[in-house]
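Asker: According to TrEMBL, the record shows the following:
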- 102-193: coiled coil (COILED)
- 228-287: coiled coil (COILED)
- 326-442: coiled coil (COILED)
- 576-642: domain 'Mechanosensitive ion channel MscS' (DOMAIN)
- 653-733: domain 'Mechanosensitive ion channel MscS C-terminal' (DOMAIN)
- 496-514: transmembrane segment (TRANSMEM)
- 535-552: transmembrane segment (TRANSMEM)
- 558-578: transmembrane segment (TRANSMEM)
Amino acid sequence: MFFSNCRLVLLALVALVWIDACFLTRSGYGQLPGPTSILETKGDPQEKSARPVAEWIEGVKQRLVEAESLVTKAQVADQEPSAAIVQQVDLLDRLELTLGQVASSEAEVDVAEAKRDEAQTNLEGFLLQGLPDSEASSFLLLDATRDQLDEAKGRLKRLKVREKGALQELENARKESKELESARRIAKETLDESNGDVRRIPLNQKYVVAALAAEVAEATVRRREAELLTARLARESQELILKELEEKTQVLADNAKFDQVELNKQLQKLDEQANELKNTLSTAKRSDTRRKYLEEQWMRTQRQLDASTGDKATLQEELLAYQLGRSDLDEREEELKIALKRIEDSQQVWKRRQQLFLKQPEKDTLSDWKEENERALSQLAGEQRSANGKLEDLRNQHAAIKKKLSSAEEGSPLPNWYAQQLTALEGLIQSQEDNLRSIEAALHLQSKLARQMTTDSLTATARERIHEFWDKLEALWNTELGSFEQPVTIQKVVKALLLFFVGFLIARVISRWLGKYLLGRMDIDASGAATVQSLSFYLLIVLFSLLALNVVRVPLTAFTVLGGAVALGIGFGSQNIINNFISGLILHAERPVKIGDLIQIGDLYGNVEHIGARSTRIRTGDNLEIIVPNSTFLQDNVINFTLSSDKMRTFVAVGVAYGSPVIAVAQLLRRAVVETGRASKEPPPIVLFKNFGDNALEFEVHFWIRMRTMMDRRQIESAVRYQITQLFAEEGITVAFPQRDVHLNTTSPLVVQMADNVQA
């Protein structure tokens, strides 16, 4: 059973191979040539790009004839040409077209190269020979050359864009060619591996199509290369032309003379244009009869339209025709008048250009010219936009009416009115085009004047720019900051600030000198001198501030306007600062504390070193500088040990053992204080038997000392204690130490037993 099934499968495979060989591939034998007949060569298509394009085109034409003959044979035999041969014919057509474009592009390369060489020759010739003497001093030639230079710069910019686009197209073409060449190689390898295979003909068809597609891509690359080379040569040629124009402009700028002869030439040209416009305007004014006729017809048609109850389309078109005719006459006359005015302005512009060239006008005159020029440029730009908009509307209206005319019925009165409307619209369009040309000419001339007044090297000197900058600075310097009885300007504010700063320095110098003078020459202590120095500084600051405002004539009413805002600022944001400042003034006036005083604020002990406008600096015994707000001295309790005198009373406490001679103890304590030499003798020391203590008889010796720091007191107290200890030791008096008596309350005697020492 298994072997019989295998035989059936084998027979089926043989039958399929026979059907494919006999039927499926039979039509290809009579229609498709081998690759040598269509491709001409089995080599790489890229090798053909180096040969002359004419030879390449001739070969493609022959292959196209052969391919088309196959299509003809199939049609004669009443057979449908295969898709492969149709695709090959299409690719050959594209290849022929592309090669024709290649030939045209390569011819353009030759033309572009010739132009580049010509531009190079012209530039070298100009650099060697320069301009003829008759042209080297012409201002009009300089003006025209500058126009050519501007145009050349714009063209160079466009050519660079074109070159960039050509480079991008070449990169895309090379990428596509690479992909198609890869597909051709794969098809070739597949075909070479199918030697003796019955499917060789379909593979051959695929390879022919792939090879032709790759050849078309290669021709496209060659075309893009030629286009890129043409664009590059055109850009190089334009750069050379631009260089020549720049050199020519520089030569003319150095030697040009704008004399009265050249000015008269330009004024004569403008006079001729003005005369021509006047003649045209005179002719337009003689059209009053037609204007009156059109107006009467328009009114008649309007009355008919108002009275009509039927079809009003014809009357509306007739009315529009008369209206457009009137508009044509009116607008033409108005625009001719405006054009004449522009010619008059142009004559004035040329005269100003000559004055700018020959000599620098006065600063005020030049400023007026610039303002007028800016207004003229702005007005002309607006007129240009308006004219362009009107022209576009008229052309759209003309196209719409022309369309109506083409679709109007014959024998109807409408075509007649449409024709009259078109005639009027054509006149309006012509008027707007003439108006635009007049605007552009005036705008171009005004732009030249603006450049000559600002950036032209012939007129825009460094001196003028400095004057312009100085004028702007002066205008800013005199800008008013507010409206008061007298103007308050930036100049006054800056001067007032400078005077205030100078006054601040002078006040500091004077106040310091005053403090040193009082301290050195008069019987005033350092604290008093510092107070006088601070108060004099504040007073001088106020005086110099008022003096500064008076010198620059700033009215005090300027500050009253801001009084409310300042008051709010002081009330909310600056109350602590003002509080401390006023407290500092009170400290200087009342002098509850002075520089050098020894004070205590809470747990803080120290000497006052400086009393400032906002705070006071205190130095502790540990050499720490502590900043205390001035308001603290008025709000909290302050102990001033040296307010009126540096003499104060202190004491030393001591306890002696019970049984000591108390009279002798008192005498020794007085002696100890006196013998230190640092306690005051008057008033004399006072010894107090203070208490019968738990452990000792308690004595205190009170005495007066002079101290400026807390360390002075501690050192004197320490010296007294040293002396007391020495005197008590000499007299055999014991300083008591802590002791406790224990009393036992028992009902029977205590048993006392002696025992030997037991060593552990």
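Our numbering is plain: 1 for the first residue shown, then up by one each step along the chain.
Backbone N, Cα and C atoms are what each Cβ position is placed from, and that goes for glycine too.
Curation does not apply to TrEMBL; its annotations are automatic.
Remember, predicted model here, so these are calculated numbers, not experimental data.
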Asker: DSSP on the domain 'Mechanosensitive ion channel MscS' (576-642): how many residues come out helix, how many strand, how many coil?
Answerer: 21 helix, 25 strand, 21 coil
Asker: Do you know the DSSP helix, strand and coil residue counts for the domain 'Mechanosensitive ion channel MscS C-terminal' (653-733)?
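Answerer: Helix (H, G, I), strand (E, B), coil: 37 helix, 21 strand, 23 coil.
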Asker: So what's the mean pLDDT when you look at the coiled coil (326-442)?
Answerer: 87
